[in-house]
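Inspection log for the structure reproduced underneath, given as structure tokens.
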Amino acid sequence: MGADQFDEFDPTEKHQKASFFNWWLFGAFIGTLFGQTFLIYIQENVGFSLGYGIPTAGLIISSVIFSIGTPFYRHKVRKGNPFGRMAQVIVAAARKWRVNMPSDPAKLHEVDPKQYVAQGRFPIHHTPSIRFLDKAATNDGSTSPWEWKLCSVTQVEETKLMIKMLPIWVAMFMPSAVIAQVNTLFIRQGTTLNRHMGSHFEIPAGSVTSFVTMSFLIFLVVYDRILVKTFRKFTGNRRGITILQRIGIGLAIHTLVMVVATITEIKRIRVVKAHGLEGNPKAVAPLTIFILLPQYFLMGIAEAFLEVGKLEFFYDQAPESMQSIGTALVGTTIGIGNFISSFLLTVTTKITGRKGHTNWVLNNLNASRLYYYYALLAVLNVLNFVFFLVVSRFYVYKRETNEAFGNDSHGHMGAVTVEPLALPLDSEAGAYENEQQSMETLMLTSQGK
């Protein structure tokens, strides 16, 4: 909904939208940092009643602000059931799997562009990918216009766009499984180390993850204010680098996080063994918790690349009428990643504990071989990164909604926009190369010519 507040017809708002996802997550993580530090301190030192009362009051205030602002938000008009439209394409293509498709895409079924203009929707040009679905827009000679048998090119292309995102979606599961370690094993590690700062203050166990949040917040500002401008000089891309390049960098850093975590855990276990603390699950090794800072800070940087890029990708690359589904895919990667994390931990524990061997992960972390588990996650991240490189290499970007083309007599931008042909991974910066013809065609259509 936040991204929907930016008008694609307004050049200034379109430019601002490029930074929106950075600052939206920045605001969300400010709240996270507040919870990880101040609220946890209140809960441990004052009481849980006040610790829960403060965010309750905050939610009430937020609800009031949201309600007051609701009339002023831009609301997209619902355009039918997107799942139903995709199902129609798949069913229609399956019903006509023996039908020969025309060699000329112009002969595929498409609705009169004036109907799209009237509905506030934008037609999408035909693309050569996933050609089987084009059968849904192929007229087999039947006089029946039944939508479960004959779909428009735009409807087919919407379905293609959603399907093409699925391999990237799958590649997001593993990094989400790594992020799950922050609130589980990373905290467990922190409880086995010296958390004192000075002689009177001890960092609460639940607050150790605040280092990840602080790293995220600091780097996000650096990225948006400095790195984007620097990259833009070399790439010509208004985002600095493409969305998939940003995600890929985040995946690479995620792998580095687990490598660093493995090395740090090896060092911690050596100190534990040197002091004979293996048998005491509550023993605190004579090591400062700050030895975990490298993996915490790297995780924050990785999230600044990956999480923001992921949110932008699934919103931006979904068809205009299905962007809410695209955004929802982001949440599903986090949920599935947590399930994968639990599954890996359960399976690893069962397998490594066979035949009298010591489990890699025990309740007693001082007697565990956690470094093996971290190394396993590092290897899985490498494999996932390779998978991502392959699928992103063949991914074709959706062309962005065109800029408004011309003003009416009142100075308003009265243009029609379109989501035309897509471009390969390394050509996002040139996404407007062939749009002039599309703009002229739709302008004539909108004028009734």
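Heads up, the Cβ atoms here are built off N, Cα and C, so glycines get one too.
Automatic, uncurated: that is what TrEMBL annotation is.
Features of the protein shown, as given by TrEMBL:
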type	residues	note
TRANSMEM	21-42	transmembrane segment
TRANSMEM	54-73	transmembrane segment
TRANSMEM	166-183	transmembrane segment
TRANSMEM	203-223	transmembrane segment
TRANSMEM	243-263	transmembrane segment
TRANSMEM	283-306	transmembrane segment
TRANSMEM	327-351	transmembrane segment
TRANSMEM	371-391	transmembrane segment
Let me check one thing: do the transmembrane segment (283-306) and the transmembrane segment (166-183) come into contact, meaning three or more Cβ pairs under 8 Å with sequence separation of at least 6? yes
Which listed stretch (21-42, 54-73, 327-351, 371-391) has the most C-beta pairs under 8 A with the transmembrane segment (166-183)? 327-351
Where among 21-42, 54-73, 243-263 do we find the most Cβ pairs under 8 Å to the transmembrane segment (203-223)? 21-42
May I ask for the residues of the chain that lie six or more residues beyond the transmembrane segment (371-391) and have a Cβ under 8 Å from a Cβ within it? 167-168, 170-171, 173-175, 177-178, 181, 185, 247-248, 251-252, 254-255, 258-259, 261-262, 265-266, 269, 344-345, 348, 352, 360-361
